[in-house]
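In what follows, a structure is listed as structure tokens, so that the remarks can point back to it.
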Amino acid sequence: SFIGEESVAAGEGSILTDNPTWIIDPIDGTTNFVHRFPFVAVSIGFVVNKKIEFGIVYSCIEDKMYTARKGKGAFCNGQKLQVSGQEDITKSLLVTELGSNRDPEVIKIILSNMERLLSIPIHG
């Protein structure tokens, strides 16, 4: 099976089943792309029994290929990635995506979540 982000965004229905399924977003960061903001990628995932098996993200502008496989780790251009090990949230950097949904209820939830995050003394 295939699920394409662009077709779902256009209103086509999509149901994730237990069947092996490719999930593809050919322009991940469409708004960035439209505004010539250089954070755009091609994202591909493969799911079996509704569980992700592996994913690939190609950051076009940076020419970086991110790959990850369940139980095998994540890589950038073939080099193993790892988390920083930082456990103190006050030393972390907050990066967020607000999304494109402008429904008042969705906005209320997003702003509530942001308020909780911003009450923590974090960077960013």
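Even glycines carry a Cβ here, placed using N, Cα and C.
TrEMBL entries are annotated by machine, without manual review.
Taken from TrEMBL, the feature Mg(2+) binding site applies to E5, D25, I27, D28.
Listed in sequence order, I23, I24, D25, P26, D28, S43 are the same-chain residues six or more apart from E5 (Mg(2+) binding site) with CB atoms under 8 A from its CB. D25 (Mg(2+) binding site) has a Cβ environment of 19 other Cβ atoms inside 10 Å. For D28 (Mg(2+) binding site), other Cβ atoms within 10 Å of its Cβ number 19.
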